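**Q** Structure below; questions to follow.
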């Protein structure tokens, strides 16, 4: 299958969803050589992957992932990475805040790729056991409204792709597959992207993958997040319909920040930023978390406007709920480690 797929893509022909899923299955099963994998990834990059190709590849990744118990009405807050902005962990902090409102969040993430601190790095620095089994993570989702699914633990088949990606050294379809391959199969998703041209295609991909409500966002300062330093371009998926619009921080009563205000550092430094936000510190770091948490709450609860989501996130922080919930989460993680030990 992979030989025929390479030939088609080299000739600038598009693969169907089914063809892409089948050829990725070959790669994920270790049945393709590194040369074949590199050839396919290079040809897809040169052609530009279609919606069907991205969705088919994501479906294959999901099917080869470590199984996660079936969940309903679960939210994901995630970015593609690759914006080279070195911000603190905005989406991870936002996920902690959103979970404290009673909304279930299954956060799928990895260690840092283009930054100093990925979701796994900062959560580990906060004291969470990032290597929890699916059963334990599912239990955490039910008890604490928050679970972390460590990509390295769930996507073992990526071992057949990782060396090729490293040697190629340029962006491939896999740079956008991570946020689409959450084993919890989220029904609602706030997805940040590093390139504005990805907004509409990835909104359509999410639709194909069964996501019912989503916002795909790109900060025009380059962030793969809702930004407070510039406008944010949005494509929203709701009821099978896509809507394009832009937002500014000012329209939600938030001050415009400088990009320098949002820069983070090591996992330990970013963990301290998260702790300060959860403890009630005000300023640009809190504001960008409020914006992203508010958008995520709108995605999870469409009857709630972004502004109402921001207000709820602010009240939740001021009531110390995220701080208390994070303490419960860490206590739960420690308890489960003791049980396993």
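Every residue, even glycine, has its Cβ placed from backbone N, Cα and C.
The following feature annotations were taken from Swiss-Prot:
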type	residues	note
BINDING	79, 82-83, 87, 89-92, 107-115, 119	5-phospho-alpha-D-ribose 1-diphosphate binding site
BINDING	79, 110	anthranilate 1 binding site
BINDING	91, 225	Mg(2+) 1 binding site
BINDING	165	anthranilate 2 binding site
BINDING	224, 225	Mg(2+) 2 binding site
**Q** In angstrom units, rounded to an integer, how far apart are the Cα atoms of residue 108 (5-phospho-alpha-D-ribose 1-diphosphate binding site) and residue 165 (anthranilate 2 binding site)?
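**A** On Cα coordinates alone, these residues lie 20 Å apart.
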**Q** What Cα-Cα separation, expressed in whole Å, is found between residue 79 (5-phospho-alpha-D-ribose 1-diphosphate binding site) and residue 225 (Mg(2+) 1 binding site)?
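**A** About 7 Å separates the two Cα atoms.
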**Q** Specify the nearest of the binding-site residues 87, 91, 165, 225 to residue 110 (anthranilate 1 binding site), where nearness means the distance between Cα atoms.
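**A** Among 87, 91, 165, 225, 91.
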**Q** Using DSSP and three states only, what is residue 79 (5-phospho-alpha-D-ribose 1-diphosphate binding site)?
**A** strand
**Q** Using the alpha carbons only, what distance in Å do you get between residue 87 (5-phospho-alpha-D-ribose 1-diphosphate binding site) and residue 225 (Mg(2+) 1 binding site) once rounded?
**A** 10
**Q** What is the separation, in Å, between the Cα atoms of the residue listed as 'anthranilate 2 binding site' and residue 111 (5-phospho-alpha-D-ribose 1-diphosphate binding site)?
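**A** So the alpha carbons of the residue listed as 'anthranilate 2 binding site' and residue 111 (5-phospho-alpha-D-ribose 1-diphosphate binding site) sit roughly 16 Å from each other.
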**Q** Going along the chain, which residues six or more apart from residue 111 (5-phospho-alpha-D-ribose 1-diphosphate binding site) have their CB under 8 A from its CB?
**A** 118, 120, 121, 152
**Q** Could you tell me which of these binding-site residues, 108, 165, has the fewest other Cβ atoms within 10 Å of its Cβ?
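**A** Each of the binding-site residues 108, 165 was scored by Cβ atoms within 10 Å; lowest is 165.
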